[in-house]
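Engineer: Before I ask anything, here is the structure I am working with.
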Amino acid sequence: MNVFSDPAFDGHEQVVFASDPVTGLKTIIAVHNTNLGPSLGGCRMWPYASEQEAIHDVLRLSRGMTYKSALANLPLGGGKSVIIGDPRSQKTPEMFRAMGRAVEQVGGRYIVAEDVGTNPADMEQIASQTKHVGGINDGKDPARTGDPSPFTAYGVFIGLKEAVRFKNGHEDLAGLRVAVQGLGNVGYHLCLMLHAAGARLVVSDLNTDSVNRAVDEFGATPISVDEILYVDADILAPCALGGIVNDRSIDKIRARIIAGAANNQLEADRHGEMLREAGILYAPDYVINAGGVVEVYYCREGRPVSETNRHIEDIGATVREIFERASRQNLSTGFVADRLAEERFGKR
Ligand code: NAD
């Protein structure tokens, strides 16, 4: 089993393996970097095929949180946790209380939040054992539902408009065609904002109810899941899956801007360079989808939603700096974003 030699290890400060035989908990808590503050990141519960796969995933995700929080100007570092198990059949309240005790033992260097396979009820169990948990909604602010997705969508909307401004010289979305892949929690809220701004929507989802809703509410044009990436549009907003920009797709993408919420849109870093060469402006995913983590932070600090939104609007200035540097230096936006993040968190 490799930890230090895993490609995603990248100088992690701490990796904790914890178990609780009574509840069946097996967890790995990874703290990548705390230069800017305690590490914050979700707890993912997943039936990993092997322990090595779980280790690689937690290291990769935890490192990613360092970069995301640094570019979101949050006083936070990067961390993540995984629980090995099937959330549909193996999850119990007792297991999440044991998880809370494991988080408590890390002594505040790691703050846990929701992720794939975990939900607000699980966080409540964790919160009974430790105060180092984010995303718990105290119900005091009616504008806060506990779901970070609308905030993620708002950040994507800000980043997308900044991309339009950089490409077109103004940020007017009226009449622009935006292809939205995925109409889940984030994609739907993004469509709401794009529609209100006068954009014309082309949409696709595996779920036909979600597509019908977008057609009814926004007058969107539906298109098949096989065609959405390649449709004639000004902007492509991937809000479903990672890896959609790859050797097979790049030549067929007609949009000149890619700005969406999905994590890890580039299959490999070199695809960022290929987008640059193709004249496609790419708003790095982890920069513009940071609205959710900003909200988790403000919610934990007990600060109002109005402050969350003001902070999210800073995404515009950050992504503009990335576009400008990338253009001046003939580098891909993804590469420039990573270097800017490293400057901010002081990578050694
Ligand atoms: P979600 O599960 O609510 O929605 C994803 C949607 O994509 C679903 O409706 C699904 O049917 C659809 N989909 C899946 N495969 C598809 C395909 N091939 N073609 C078209 N549609 C397809 O997820 P979400 O919370 O809306 O998140 C969307 C993306 O944004 C994910 O990649 C997620 O990791 C990322 N993200 C989300 C947040 C957040 O706050 N929710 C924060 C950061 C990043």
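Heads up, the Cβ atoms here are built off N, Cα and C, so glycines get one too.
From TrEMBL, here are the annotated features:
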- Lys80: active site, proton donor/acceptor (ACT_SITE)
- Gly182, Leu183, Gly184, Asn185, Val186, Gly187: NAD(+) binding site (BINDING)
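Give me the local environment of each listed feature.
Structural biologist: When other Cβ atoms within 10 Å of the Cβ of Lys80 (active site, proton donor/acceptor) are tallied across all protein chains shown, the result is 29.
In sequence order, Ser204, Asp205, Pro238, Cys239, Ala240, Leu241, Ala262 constitute the residues six or more apart from Gly182 (NAD(+) binding site) in its chain with CB-CB distances below 8 Å. The DSSP secondary structure for Gly182 (NAD(+) binding site) is coil.
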Engineer: Would you mind reading off the Cα separation of Val186 (NAD(+) binding site) from Lys80 (active site, proton donor/acceptor), to the nearest angstrom?
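Structural biologist: Per the Cα atoms, Val186 (NAD(+) binding site) and Lys80 (active site, proton donor/acceptor) stand 21 Å apart.
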Engineer: Go through Gly184, Gly187, our binding-site residues, and report the one whose Cβ sees the most other Cβ atoms within 10 Å.
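Structural biologist: Of the binding-site residues Gly184, Gly187, the most buried by Cβ count within 10 Å is Gly187.
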Engineer: For Lys80 (active site, proton donor/acceptor), which of the three DSSP-derived states applies: helix, strand, or coil?
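Structural biologist: The three-state answer is strand.
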Engineer: Neighbours of the NAD(+) site Gly182, Leu183, Gly184, Asn185, Val186, Gly187: Cβ within 8 Å of the Cβ centroid, same chain, sequence order.
Structural biologist: Ser149, Val180, Tyr188, His189, Leu190, Asp205, Ser210, Cys239, Ala240, Ala261
Engineer: Would you mind checking how many other C-beta atoms are within 10 angstroms of the C-beta on Val186 (NAD(+) binding site)?
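Structural biologist: A count of 28.
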Engineer: Within its own chain, what residues at least 6 apart in sequence put their Cβ under 8 Å from the Cβ of Asn185 (NAD(+) binding site), listed in sequence order?
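Structural biologist: Asn185 (NAD(+) binding site) has long-range Cβ partners Asp147, Ser149.
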